[in-house]
Amino acid sequence: MGDKDDRFPKKKKGGTKDMDALKKEVPITEHKMSVEEVCRKFQTDVVQGLTNAKAAEFLLRDGPNALTPPPTTPEWVKFCRQLFGGFSILLWTGAILCFLAYAIQAATEDEPAGDNLYLGIVLTAVVVITGCFSYFQEAKSSKIMESFKNMVPQQALVIREGEKVQVNAEEVMAGDLIEVKGGDRIPADIRVTSAHGCKVDNSSLTGESEPQSRSPDCTHDNPLETRNIAFFSTNCVEGTARGIVICTGDRTVMGRIATLTSGLETGKTPIAVEIEHFIHIITGVAVFLGVTFFILAIILGYTWLKAVIFLIGIIVANVPEGLLATVTVCLTLTAKRMAKKNCLVKNLEAVETLGSTSTICSDKTGTLTQNRMTVAHMWFDNQIHEADTTEDQSGAAFDKSSVTWLSLSRVAPLCNRAQFKPRQDSVSILKRDVAGDASESALLKCIELSCGSVRMMRDKNKKVAEIPFNPTNKYQLSIHETEDPNDNRYLLVMKGALERILDRCSTIMLQGKEQPMDEEMKEAFQNAYMELGGLGERVLGFRHLLLPEDQYPKGFAFDTDDVNFQTDNLCFVGLMSMIDPPRAAVPDAVGKCRSAGIKVIMVTGDHPITAKAIAKGVGIISEGNETVEDIAARLNIPVSQVNPRDAKACVIHGSDLKDLSQDQMDDILRNHTEIVFARTSPQQKLIIVEGCQRLGAIVAVTGDGVNDSPALKKADIGVAMGISGSDVSKQAADMILLDDNFASIVTGVEEGRLIFDNLKKSIAYTLTSNIPEITPFLFFIIVNIPLALGTITILCIDLGTDMGSAISLAYETAESDIMKRQPRNPCRDKLVNERLISIAYGQIGMIQALGGFFSYFVILAENGFLPSQLVGIRLNWDDRSLNDLEDSYGQQWTYEQRKIVEFTCHTAFFVSIVVVQWADLIICKTRRNSVFQQGMKNKILIFGLFEETALAAFLSYCPGMDVALRMYPLKPTWWFWAFPYSFLIFVYDEARKLILCRNPGGWVEKETYY
């Protein structure tokens, strides 16, 4: 490695090129080189290691063995985003316009009204308070790189100039010769030069749950699958190994994933896009009304300055002050509800994103499966038996008295190094922690359940010699004394890979008797092996032999290094196959996803056969759907002759995936409904997510390993596992499944869809009162009547009576089975659309305005000012110097008296809006169903009705409100003037819904169904 290793892209302006380079497959070639070639490349020695001088030189050249921290976003920037992003912009604009209007009034009037100033202050307070609330709800620093740092080993054992030295992991250099043992964390990417029973846990990197053997031999072209490379930050679980460091820091496979994850840019969440669209609509409506009435005011002879104040007033009146807080609280309530169902949401906007999801890319191990190997089948006496792993052995379906089974159930626990961890007697067997690898743990639990105490069995059959499993032999062997006091022979037991069974066995046990292993039995054996292997199960063979006492007498010294005992002509006893079984709730959850129109794609680092078997087991590949390989096998033709379009399902290997063009990838995603990606790298997982997004899908990704973190970050919503998930995956994700169960995602989808529907209802309810709030201002300008509703009372509606009721709609249950409809189309199905605006502003809002004005005109008429007399009276009404304004009865009114009547009208108009909002709240419970069909089961909504009524009564009758908020007591009869309009709203909307149900897809639905 004479020149600086350039396999890792340098930081430069072409950031996109850097990211594209990172998405490519790992550019490691050292696994294909001989040890001598690797030594030459890195200027090192396989025995002596680097010289101290070379190590110092390489440290200067390459820098420390550490991950480069990404630029982090300061907390104040995050706070500002909450304060000035999305919906807040609309309120800030309103506040600035209010201050501007007040400034104009202050500059042109002797005694300017303070309404605009108060409104500006309140709007500012609303934005700041809601911004703080959102910030603290979502407060999370970008700790992705910090969690990667936690995975970095602190110390490493290196050999320099022939001496073993313990150094800080950051000082490990490319070319260093290092030594690792069981329990160590690998300090860099290393090319293994020697190994003794070494196994590493690559699950965080590749997703494989089984520990992988390491040896000096190249076993695969793919560096992630070969046995002679050990990766930075993975764990050595047993054995020892030596190797030459080939990559450090950012150049390691883990470093590439870290840089890829932290460098990914994520787009806006669907709800953020919807809120932006809503702002555009509201701004458009506000500006249109404002400009229209600005022109009208100029035509009517108002001064330019007055017209500007009117323009600002109308724009501000269109701002729904309470809606930002309502949306935030609704999302928070749903997030809390989801947390109770094991879905912890880190980002409030992610609550709705899950409901919009159209594609779920799910990891296999631990998400769809239980993340624990379990014995699934056994083959003995020439029959396949299903294993019984129930605690009470109620599922047993084979003869446990069979002599062959008794022999198999003796070999399996004796030729096994796994053991239960201490102090777990009260824990059920299936849930006990085991010291040992996954396959041996499965065998241990199976035998403990079926036959009783394994420890007792081992005590009775004392082990005297053992050859541990190694990749070369592919078997494990142990020799035991037998429990029969009258038999002094030693029992040799062996288990291992299938390819090593037949050549070591001369006999097979059938019905408890040894018989020759003839061709017929070999064929039966192969058929059983192929059948179990085809189910994606890991198959192990078991055999035994009672060693002749004359050759191996009591006390014989067995030598396991230079084998001095018989290891062939054994008796084959049976097969046992293991699989990481699907979670019980997953098939039902996948079925619900399918009925909800959500495509579930499996993306795993595991073997294609295993992945396909699990996919079929959980319903990702449904019964009857075939892959091209299945079609080829059925028709007995080569795979190349099968048209890929004929196969609804497909299983794609990572090695094939890397050769696909973007168009080919899009073609697969578009034309196959059921897809499994196997043996995928972290970069490929990311490419799959980007491919789905390119086709317009809203993608959810589930994962638990470091290998999943780039895809989790890029997805529209990343879902990490709370129990088995790495810190890195949890930091990259938007949501965490506390129970690691895929079925919880379906619950989340349901909640997400429900909150979208309920937000629509909340917004429709809130926007409706905008019209009775705006129209008094318009009549004030055009007809020149006294103002019917003041700024203060508008604030009491938006931030007082309306808010609790709007939030109560978040508790509304679904109208129909929302998991039976297709996912929301982000282009067509908007949170706020023209139909919602038409209903809220053009229909229900107009009826509400009529109710408010009816109360207004009745009160003024009772006080002597008939409607005909009010037209054009505004200038005299608001003239402070005029204290003898005459009404229709001939009474003279001072300015103060007139204002008391006006403020009483404001209060009556306010109460009228509350009364008509009762009906609006009830009709907003549903968008299509009749309220009678839905019922009044939402107790929070009923409370909301009482709350807004009680608040209105409090504001009307509480002493001191006339001074504080200019609200005056009303006669009890004045509360009833708006009742007919409230009833009219209810009847009108029920009639609309009846037509919707009777004539689906008709004109009424096209124009009014929001």
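Cβ coordinates are placed from backbone N, Cα and C, and glycine is handled just like the others.
The active site, 4-aspartylphosphate intermediate annotation in Swiss-Prot covers D363 and rests on similarity to another entry.
The Cβ of D708 (Mg(2+) binding site) has 35 other Cβ atoms within 10 Å, all protein chains considered. DSSP assigns D708 (Mg(2+) binding site) to a helix in the three-state reduction. Annotation source Swiss-Prot lists Mg(2+) binding site at D704, D708.
Assigned with DSSP, the residues of the compositional bias 'Polar residues' (201-216) fall into helix, strand and coil as follows: 4 helix, 3 strand, 9 coil. If you look up Swiss-Prot, you'll see 201-216 marked as compositional bias 'Polar residues'.
Residues or ranges marked as phosphoserine in Swiss-Prot: S930. DSSP assigns S930 (phosphoserine) to coil, not to a helix or a strand.
The annotation region 'Disordered' is assigned in Swiss-Prot to 1-21 (among others).
Residues 31-32, 35, 151, 192-195, 227-228, 230-231, 233-235, 237-239, 241, 253-254, 257, 363-366, 371, 373, 437-439, 470-472, 538, 580, 604-606, 681-682, 705-708, 726 of the same chain, all 6+ positions outside the region 'Disordered' (201-221), place their C-beta atoms under 8 angstroms from a C-beta of that stretch. Taken from Swiss-Prot, the feature region 'Disordered' covers 201-221 (among others).
Among the features that Swiss-Prot reports, topological domain 'Cytoplasmic' is placed at 1-74 (among others), with the record citing sequence analysis.
Distant neighbours of the topological domain 'Extracellular' (96-118): 305, 308-309, 312-313, 315-316, 790-792, 795, 880; these residues of the same chain sit at least 6 beyond its ends, with a Cβ under 8 Å from one of its Cβ atoms. For 96-118 (among others), the entry in Swiss-Prot reads topological domain 'Extracellular', with the evidence type sequence analysis.
Taken from Swiss-Prot, the feature topological domain 'Cytoplasmic' covers 140-275 (among others), and the record attributes it to sequence analysis.
Assigned with DSSP, the residues of the topological domain 'Extracellular' (296-307) fall into helix, strand and coil as follows: 8 helix, 0 strand, 4 coil. Here Swiss-Prot flags 296-307 (among others) as topological domain 'Extracellular'.
The feature topological domain 'Cytoplasmic' is assigned by Swiss-Prot to 326-759 (among others).
As annotated by Swiss-Prot, topological domain 'Extracellular' applies to 780-789 (among others). The average pLDDT the prediction assigns to the topological domain 'Extracellular' (780-789) is 92.
Taken from Swiss-Prot, the feature topological domain 'Cytoplasmic' covers 811-830 (among others), and the record attributes it to sequence analysis. Long-range Cβ contacts of the topological domain 'Cytoplasmic' (811-830) within its own chain (Cβ-Cβ under 8 Å, at least 6 residues beyond either end) map to 270, 273-274, 277, 333, 355-358, 592, 595-598, 696, 698, 746, 749-750, 753-754, 756-758, 761, 925-929, 934, 937-938, 940-941.
Residues annotated as topological domain 'Extracellular' in Swiss-Prot: 854-905 (among others).
The feature topological domain 'Cytoplasmic' is assigned by Swiss-Prot to 926-938 (among others), with sequence analysis given as support.
The topological domain 'Extracellular' annotation in Swiss-Prot covers 958-972 (among others) and rests on sequence analysis.
Of all the Cβ atoms in the protein chains shown, 16 others lie within 10 Å of the Cβ of S930 (phosphoserine). Here the C-alpha separation of D704 (Mg(2+) binding site) and S930 (phosphoserine) works out to 44 Å. S930 (phosphoserine) sits 42 Å from D363 (active site, 4-aspartylphosphate intermediate), taking the CA atoms of both as reference points. Sequence-distant contacts of the transmembrane segment (308-325) (same chain, six or more residues past either end, CB-CB distance under 8 Å): 87-88, 90-91, 93-94, 97-98, 100-101, 104-105, 116, 119, 122-123, 126-127, 129-130, 133, 282, 285-287, 289-291, 293-294, 297, 302, 762-763, 766-767, 770, 773-774, 777-778, 781, 794-795, 798-799, 802-803, 806. Residues 757, 760-761, 808, 811-813, 815-816, 986, 990, 993-994, 996-997, 1009-1010 of the same chain lie 6 or more positions beyond the ends of the topological domain 'Cytoplasmic' (926-938) yet place their CB under 8 Å from a CB of it. Counting Cβ pairs under 8 Å that are 6 or more residues apart, the transmembrane segment (75-95) and the transmembrane segment (790-810) reach fewer than 3 and are not in contact. By the Cβ criterion (under 8 Å, sequence separation of 6 or more), the transmembrane segment (276-295) is in contact with the transmembrane segment (831-853), since 3+ such pairs are found.
Across the structure, D363 (active site, 4-aspartylphosphate intermediate) and D708 (Mg(2+) binding site) are spaced 8 Å apart at their Cα atoms.
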